[in-house]
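Only one structure is covered here, and it is reproduced in the block below.
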Amino acid sequence: MSFAAGLLNATVQAATVLLLAGLGELISERAGVLNLGVEGMMLVGALGGFVVTAVTGNYWLGFGVGIACGMALAAVHAFLCISLKSNQVISGVMLTLLGTGLTTFFGSGWVQESITGFPQMTFPIVGRYLVHLPLVGEAFFRSTATDYLALLAVPVVWFFLYRSNLGLEIIAVGEDPEMADTMGVPVFKFRYLAVIIGGGFAGAAGAHLSLAFSQLWVPGMTVGRGWIAVALVVFAQWRPSRMLVGAYLFGLLDALQLRSQSLSLALDPNAPLAGVLNPLVNTLMNPQIMSTYPYLTTIAVLSYAVIRTESVRLAVPSALLQSYNREMD
């Protein structure tokens with residue numbers, strides 16, 4: 001596999017993590033609940049999926065357990081923010097710290113373990129032909145099942161939110177919970193549902209990370225991807241289709257820094273300005289420097305959101321971060 005094909009394949013793998021986590025955060029925020037605990041939910045999903053796969057040898061069962069672990073931690077966030085009306089930011093950060101601590105403690109004995117996770121696969125019948133397409137064949141038509149599921153999730157989430165009664169009611173809860181309640185929509189129930197579904201997506205992202213992307217467990221292996229997923233929701237302006245674009249953009253940056261050690265862009269020493277450009281290129285392509293690119297891009301995205309305040313204000317759910325107090329007659 002050429003460097004370019006390998007880079008694209010790694011981009012797909014890295015983008016899947018961000019896409020799943022970002023879609024889950026989007027659903028939660030559409031209901032008016034900010035979830036900053038995505039990082040912690042991804043970690044418990046990664047560890048839960050890895051342990052079950054290591055014990056049973058069944059990576060699908062491990063993937064399901066990873067989803068369940070993310071949903072369990074999300075249920076705690078929902079209880080704190082919806083029932084107890086706690087500050088959503090504080091609750092989310094606390095759950096990220098909790099998830100990090102729990103997985104570091106309980107996962108310490110699994111660091112040296114190896115598993116057989118999701119294998120790369122091709123589409124039935126046509127896949128064996130598509131995989132031979134130049135450049136994109138190896139990247140997009142020989143991936144893991146979770147990569148395909150993440151791509152499928154984009155139109156599914158779009159249809160769920162904008163074409164189903166349940167999705168439209170969730171959006172209504174995030175825009176104007178008082179009016180939704182007046183129309184008979186169970187605000188608390190749907191907010192719980194959205195947050196827990198979002199946690200399931202985060203758990204799936206973590207399970208993909210440990211069962212497909214790396215097929216190993218390392219404490220803190222999400223390395224900030226949960227925070228990037230939260231920023232991606234702003235980048236996407238709460239739209240699933242734009243989430244796909246953002247996930248692949250950040251996935252490319254993530255993959256580029258992972259594969260930068262095998263890349264050489266040195267100019268011919270006799271070329272003009274080679275003495276100036278070679279040190280600059282070597283610095284920019286340094287793996288330690290490149291590891292900061294996804295996070296620098298995240299800062300740039302959030303800065304752009306601040307500059308484009310009006311467009312973001314129009315896109316953000318009106319009741320985001322707002323607790324709902326139902327008035328009793």
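Heads up, the Cβ atoms here are built off N, Cα and C, so glycines get one too.
Here is what Swiss-Prot records for this protein:
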TRANSMEM  3-23  transmembrane segment
TRANSMEM  32-52  transmembrane segment
TRANSMEM  60-80  transmembrane segment
TRANSMEM  89-109  transmembrane segment
TRANSMEM  139-161  transmembrane segment
TRANSMEM  193-213  transmembrane segment
TRANSMEM  216-236  transmembrane segment
*Flag the pair the transmembrane segment (216-236) / the transmembrane segment (60-80) as in contact if three or more Cβ pairs fall under 8 Å (sequence separation 6 or more).*
no
_Same-chain residue ranges lying at least 6 outside the transmembrane segment (3-23) that approach it to Cβ under 8 Å_ = 38, 42, 135-140, 142-144, 146-147, 150-151, 153-154, 157, 201-202, 204-206, 208-209, 212-213, 225-226, 228-229, 232-233, 236, 240, 243-244, 246-248, 250-252, 254-256, 258-259, 262-263
*Look over the recorded stretches 89-109, 139-161, 193-213 and say which has the most C-beta pairs under 8 A to the transmembrane segment (60-80).*
193-213
